[in-house]
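According to TrEMBL, the protein carries these features:
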- B:C350, B:C411, B:C414: [4Fe-4S] cluster binding site (BINDING)
Amino acid sequence: MKAFTTLTALVAPLDRANIDTDAIIPKQFLKSIRRAGFGPYLFDEWRYLDRGEPEMDCTNRPLNKDFVLNQAQYQGAQILLTRENFGCGSSREHAPWALEDYGFRAIIAPSFADIFFNNCFKNGILPIVLPAETVDLLFQEVVDGYQLTIDLQAQTITTPSGQSIVFSVDENRRFRLMNGLDDIALSLQHADKIKTYEAERAKRAPWLFKDA
Amino acid sequence: MAGKTLYDKLWDDHVVHTEDDGSCLIYIDRQLLHEVTSPQAFDGLRLSGRQPWRIARNLAVADHNVPTTDREKGIADPVSKLQVETLENNCKEFGITEFDMADIRQGIVHVIGPEQGATLPGMTIVCGDSHTSTHGASAALAFGIGTSEVEHALATQCLVQKKAKNMLIKVNGKTGAGVTAKDIVLAIIGQIGTAGGNGYTIEFGGDAIWSLSMEGRMTVCNMAIEAGARAGLIAVDDTTIDYYQGRPYAPKGDDWNMAVRYWQNLRSDSYSGDLFDKVINIDAAGIKPQVSWGTSPEMVVAVDANVPDPAQEADPVKRQSIERALQYMGLQAGQKITDIKLDKVFIGSCTNSRIEDLRAAAAVIKGRKKAASVKQVLIVPGSGLIKQQAEAEGLDKIFTAADFEWRDPGCSMCLAMNADRLEAGEHCASTSNRNFEGRQGYGGRTHLVSPAMAAAAAIAGHFVNVAEDVA
């Protein structure tokens, strides 16, 4: 996983509430058995005018010119600004995979759906929760070439005018993301504790331990 | 007052290790696997040279991509076929039990877990699927996870989690005629919204919940995620214990007796509300059969109501959402719900494909046929065993006599990853759980309803109030 420390990048505003994971990456693309290559299909039904299919070459597909990510001034954006309950719906990690593959490293919203929020941290994406009024202000400020600087160590966002916005991330998640750490390796450091737990629980609930 | 909620008890019972910031390593008793969210997890194990921590605590089944017709011919779509074969090969390589397409026990992962007793009260259960909340109906702490966590649970039998807050939703009193578990949960989502449960585990209680069958309880907990809560819960009672007695993976003999004693404590110490961070009371008698009109499960009204008018909405973000949804759904503000005409009807999914759902749908038909204007009605049982049971009861004959199609088990048109799908612009009465844009097929228009409401709509060609249709 890519580590996340600081990021200065272009912001793309996606002004909709309750954006679900079916919109982020439609189900036909979930048939892939790989982890990479979802970026061209991110927001497929909004981004293109035709119907997307797995493994399709997207270079000549008709674009929906009204969709924000197709507009010239937002090309290369790495920060997505959006509304409440972003990522609701399914648990598909293909959603953060698609966002990451497209190039997004941070998402700012008033709230996120829990499973999606969690999945972001496993993929080097920083989801930032800000008060709805602050998100509103950012939406008003976004103009051509609008960039934000995100500092995960300091847990601050700096706007072009120099204003500093504070956010907070759970300490454990922040540490793992800043160092790009392998969660499984960290958990396996507690292997002895897991075994002790199993031995103790097997006494209380033996029926859960009568398998091979 | 002192005491613990059901969620507190389940959580405390599974903590292996606590970090300084309060996040915990939680032990996982059961992982359910399916073909869509597991291939990259198995790849991860191979890349790192890791083995599953406890192989027998995993159970796999292919459900999302499987065809519901002509199964002996195999899967036509080569991309779907590869994904299903990949699950088979991964399970063989790692020694994990899988119910393949030819197995009578194959079905939707959230249906077969309880059916087999692979789900049991008191467990922690995970699956790479958000509707894992279904299993909370058995007082198991069950939630959906992403593929990285599927790999993590395979490798460590644990997950890193932070405890959620406690919410109690009490549905008090008795529901009226024609009102089912599906209507209860849709009404709840309509009230609290799709983000209402974010950050919470919801325990459902109150007489209207506790009087539901296990099937009905599963329908309610299934849609906890549509209310934003990763996990839903319902306390153990005799209904729970009776349901699990004799299930293939359930404990036997002395173990059964010991398990029952343990399970009987799996309820909150008080339902007065003091133990919960948030309490919502709902009057069951006020709930009518529900129909969703928009592109989010919270966009739902009673069948005798009208499609909302965005001009009446003060909040600009919500107003815009309503306008967008009406445009996508091809509906007019103020239109009567009963005037919505249906092109297709889908009865199935992890929400409503159990035997009780099929019985409820069959009971509504009563020798009638689908409306000529309805192009297709799919009945997709949740498992091979449910299909067998329904056929033993003669339900399949009732469906086929009404020109409904009787299919093989799988997720089918709930998310249209297989060949079952809507065409652009088609309206569908669906017993599934999500009405997002494109969910049931590109440009498709989904209306979420109960099995009885779906069956009645198939007969009439438009929505009808099943409470009156029953007469």
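Cβ coordinates are placed from backbone N, Cα and C, and glycine is handled just like the others.
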B:C350 ([4Fe-4S] cluster binding site): tally of other CB atoms within 10 A of its CB: 28
Entry from the binding-site residues list B:C411, B:C414 having the most other CB atoms no farther than 10 A: B:C411
Where B:C414 ([4Fe-4S] cluster binding site) sits in the secondary structure, as DSSP reduces it to three classes: helix
